[in-house]
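> After the structure tokens below, expect a handful of questions from me.
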Amino acid sequence: MSQDVFKHLTSKQVQRTRARSFGASFERPLASFLPKKENKNLLSNAARVKLLTFSSSSPYSFSYSPVLSRDANDGYIPLDTSSRANLWESVTDYDLQHANEPLVGNYYISTEALGDGLNRSPFTINPEKRRSLSDISYVPIPHKEHSNWPVHCSSQAIVTTSNTTFSIWSANDYFCLLFGYAGSQLNRHSVFDIFPKSFSSHLSNLIVSFPIDNEHERILFCGDVFPVITVDGVRLMDFWVKEKQGKLIWILEFVEESYIDIKLQDGVAVDERTEQPLTSDLLPSRLPKTWDQRLYLTTKTTEGYYCPSMIYPLSKSSFQYIIFHYAAGLLFINSDFKIISLNEALFESMLGYSDLLTKDISLIFPDFKLVLQQLADSHALDPGRVVSEIHVRHAYRTCTADKMKKADYPYLIHSDGNIIQIDCQIISVSPHSVKSNEPAFGVWLIFDSVDNRASDFVRSMRSSVILEEVVISDESEEEEDLSADEDYVDSEWEVVPHNIASYTTIKELGIGAYGQVKLATYKSNKVHEVILKSISKSRILLDSWMRDKDLGTVPMEISILHFLKAHSHPNIVKMITFFEDNENYYLLTEPQKPGIDLFDYIELKPSISEKESKAIFFQIALAVAHLHSFDIIHRDIKDENVILEGNGCARLIDFGSSSLTKNGPFDTFRGTVGFAAPELLRGEKYLGKEQDIWALGILLYTIVYRENPYYNIEEILDAKLRIPFELSKDNVDLICRMLDRNVHDRITIEETLQHHWFDDIRYLDTSHIRIPLSS
């Protein structure tokens, strides 16, 4: 079974099924937890059907491959997220909060459910919630300390290369940001330039050892962890690499970790940052010399918990000590409790074992059989049912009540002998099967060091002699104001302060790779509320600067919004002004109050009528037509970037990815992967307008069907568009024409506005087409 499907089966009713790119609750992508390797003699064809192994052309509801391997031809690259379980939450408190929940959820695996053509997600607890590969998860921005910041646009760095020379053909902006590349210079680099020299030769030899296959598709890596050199130093990233039609598609994602860079000085291990010796009990007696000799171990926190850890060499005398904050993986066992499928790369990082296939699960989960028996006695293991982590905890406490417990939670045994407390979810696949090659149960294991406890422990493990850091209470107030001497005067907004110290934050709206977004007021006049976006100068890509005849050299976003201020449109956000200091640009836009973004609106509405869908979408199409008439492209059209005001006006916001067509053709794509056109993922150069149309098609599909049409890169590239139901013939025709994979046949924005679906509203007052905001 795919980790995406399992995640969807086991998501809690109180949790969202989609994460946000800004302002979301902390969530972790499950992309690294697909089962990677299988023993082909263990899994029968019947088992594959039960595990939802359908090709991308399958008519069934899900089209994921449960097992990805280096010689697989039908594997999919994961692009989804999952909610994190709070491992450290009090069991008693949790039980009280969920006392009225049934023992197991009412979700089943069945071919009838899979064949339900009207419901893409038959297993969801709340079918009115949506899933989307556009989900943006919180991952650490490259920095010396672990950070729980969400990354705007995409938490995944994506790059397309040749499968022979490994030269870079195209990449997304997040890849360029992480590695300091200009989009116009990508083709000068090989993908191996991002790796440490000592490791790049190892990886290149490994990839070259795979015979080239230009006719078939296969997964080379899935969830493997490799070191890379970012602009902020060496970091670990999860890798998924797929070979397809003579090219390699690479997806990179940061590992949630804390780390210490170590160097040896006269035989003493020293923290490179503090130049102080490390405590003697921190390191093993013998350090690895090569990547293949990397050490997997556990680290005990100050609170007594153990975290999975790793040590690997950077050079002969320098090393990196990693403490993993989060790990989760899916494995399958047969009726004899032998492991028959798992992601080996993941479990090696998590538990230090590289050979768990065919081993008894008791090797790593000694109480599993007792827990399973307890659940069986409660009739919780009917075929197809999923047992949540809280009920597994309850079963664990019950079955271990009469013996000395090693932990308050279910736990795994690391290869070094220490225990790692985890949460566990169990799905009953074929519990009564006696075939050794057929899965009886799927087991989802989750380790989560919540609230940066591992990060705090890294600081506590350093030598007691640590240099004190100076803390400045409000650095921004000390900075020199580089903007105009006089405050900006607007007829509506009166005097707008041009100093960040003059603003009071009302609410944090989001933190991204490029800066922050806040709802703020003037300290001198708190009646006025503004959206205040800070843009870090150090993180602006080289290709994102614009020489503006009025403003000088400024970020592209500011230049375009300044132009649109003079050429305004009622369905486009309006900039008030901007200013800067030594570190940031500050962009002020009008707040849309009262208002709600389209993402939340779709989530909260039980249904959206055709009239309402049409009114919302037509306004956004008008906004895009206005942009395209000035050769401006948005490049990040999605439901999160559409605000619905209380009066029914829909506005397009967030121009952080926008550009001008004259700067094209482009080889660096921006925005959200779930709304990316297939030609972008194929590494082709693009002009921009056609890609905005594709994103509009995804947006309309999302409004109508409450889900994204494509759940992974494979589907974006090849899958046939699935229409769950027909809202109207004209609506379906418009969606299909916008989502035409042939760029040259794709409808234009002018043709979109002239489509028959809009015949009944086209000649109304387009300045404010009222949306019937029904409850």
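Just so you know, glycine gets a Cβ as well, placed from its N, Cα and C.
Grabbed the feature section from Swiss-Prot, which reads as follows:
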- Asp636: active site, proton acceptor (ACT_SITE)
- Leu509, Gly510, Ile511, Gly512, Ala513, Tyr514, Gly515, Gln516, Val517, Lys533: ATP binding site (BINDING)
- 503-758: domain 'Protein kinase' (DOMAIN)
- Ser132: phosphoserine (MOD_RES)
- Ser134: phosphoserine (MOD_RES)
> For the residue listed as 'active site, proton acceptor', what is the secondary structure by DSSP, using just helix, strand and coil?
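DSSP call for the residue listed as 'active site, proton acceptor': coil, neither helix nor strand.
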> Between Gly515 (ATP binding site) and the residue listed as 'active site, proton acceptor', what C-alpha distance do you get in Å?
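Cα-Cα distance, Gly515 (ATP binding site) to the residue listed as 'active site, proton acceptor': 17 Å.
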> Quick one, of the recorded positions Leu509, Ile511, Val517, Asp636, which Cβ has the fewest other Cβ within 10 Å?
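It is Leu509 that, of the recorded positions Leu509, Ile511, Val517, Asp636, has the fewest other Cβ atoms within 10 Å.
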> Could you give the Cα-Cα distance between Ile511 (ATP binding site) and Asp636 (active site, proton acceptor), in whole Å?
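Taking the Cα atoms only, Ile511 (ATP binding site) lies 17 Å from Asp636 (active site, proton acceptor).
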> Across all chains shown, how many C-beta atoms besides its own are within 10 angstroms of the C-beta of Gly515 (ATP binding site)?
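Excluding its own Cβ, Gly515 (ATP binding site) sees 21 Cβ atoms within 10 Å.
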> What's the CA to CA span in angstrom from Asp636 (active site, proton acceptor) over to Val517 (ATP binding site)?
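Computed Cα spacing between Asp636 (active site, proton acceptor) and Val517 (ATP binding site) is 17 Å.
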